[in-house]
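Chemist: Got a structure for you, written out below as structure tokens; questions coming shortly.
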Amino acid sequence: MTAITSTLAPSNLSSRTGLRDTLRHTGALIRRNLLSTKATPEELLDVTFFPIIMTVMFTYVFGGGLKSSTGGDYIEYLIPGIFVQMLSFGSIGVGIKLNSDFDKGLMDRFRSLPIARVSVLSAHLVSSVLRLLLASLITFTVATCLGFRVHTNVFEFFGGIALLLALGFGVSWLSVYVGTVVRSPQAVQGVLNIALFPLMFCSSIFTSVSTMPGWLQAFAKVNPLTTAADSARALMVGGQFTAGHDVWITLAWAAGMSIVFAPLALRAYNRHI
């Protein structure tokens, strides 16, 4: 008797799925990502605990020395900058988690399912935004307990949050691109930290640009984290802090990063699947 066998090759993730099905697939994968975060809440430490440590340290350890350079209450200067730091660094998590899916072979399992190709990536991006919103709420609560107060109206405050989320979305595309071209999650984190740490400390997040050496001021003034921090202060605190053109410059940075890195990320992502 001759046995007849057949090999079933895994089908590619569908690239031609209706909008309704794509949204349904994305929703299911968002739920999977959130359940994963619930099961391992330590995943939120980088976007919650780290900003809290930085807030307490700079307020009570360095705040006395930095107050004279920033003017007024240092915590009102610091907290909008902490939001910038938290949302920009928190955005790199999407690339790490996407790379982890490739590393663990989960993408091979997704490839065998009749789901929209883009739904996996979309779910990671939306899940990242939801985690950042939760982290923003926690950071704001801690900041309020430490004495931070909003002196602008509710529309300006949430406009500031929306502006920073837009910048974080641009950073997310950079993170996705790195996550699809680098070999391991640890390498993704290392590459993005190397890129972001100099931007963070060479900006107005923690202190005024005017206190830096002249050669460094030139870089700090065009740093997107500087324009984002200055915009956030104007929208959240107001008073002596004015935005000028910084809001539009920050939006331009956010749009520019999305325009540049989204096509690169999608091309690299499609090569993987």
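Just so it is clear, glycine is given a Cβ too, placed from its N, Cα and C backbone atoms.
Relevant sequence annotations retrieved from TrEMBL are reproduced here:
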- 42-272: domain 'ABC transmembrane type-2' (DOMAIN)
- 44-62: transmembrane segment (TRANSMEM)
- 74-98: transmembrane segment (TRANSMEM)
- 118-151: transmembrane segment (TRANSMEM)
- 157-178: transmembrane segment (TRANSMEM)
- 190-209: transmembrane segment (TRANSMEM)
- 247-266: transmembrane segment (TRANSMEM)
Chemist: Could you check whether the transmembrane segment (44-62) and the transmembrane segment (247-266) come into contact, where contact means at least 3 Cβ pairs under 8 Å with the two residues of each pair 6 or more apart in sequence?
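Modeler: The answer is no, given that the two segments have fewer than 3 Cβ pairs within the 8 Å cut-off.
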Chemist: I'm a bit unsure how to read this: which one of 74-98, 118-151, 247-266 has the highest number of Cβ pairs shorter than 8 Å with the transmembrane segment (190-209)?
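Modeler: Answer is 74-98, with the largest number of Cβ pairs below 8 Å.
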Chemist: Should anything in the same chain at least six residues away from the transmembrane segment (74-98) have a Cβ under 8 Å from its Cβ atoms, list it; otherwise answer none.
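Modeler: Here the qualifying positions are 33, 43, 46-47, 50-51, 54-55, 58-59, 63, 66-67, 120-121, 124-125, 127-128, 131-132, 135-136, 139, 143, 146-149, 151, 160-161, 164-165, 167-169, 171-172, 174-180, 185, 188-189, 192-193, 196, 199-200, 203-206, 225, 228-229, 232-233, 235-237, 241, 269.
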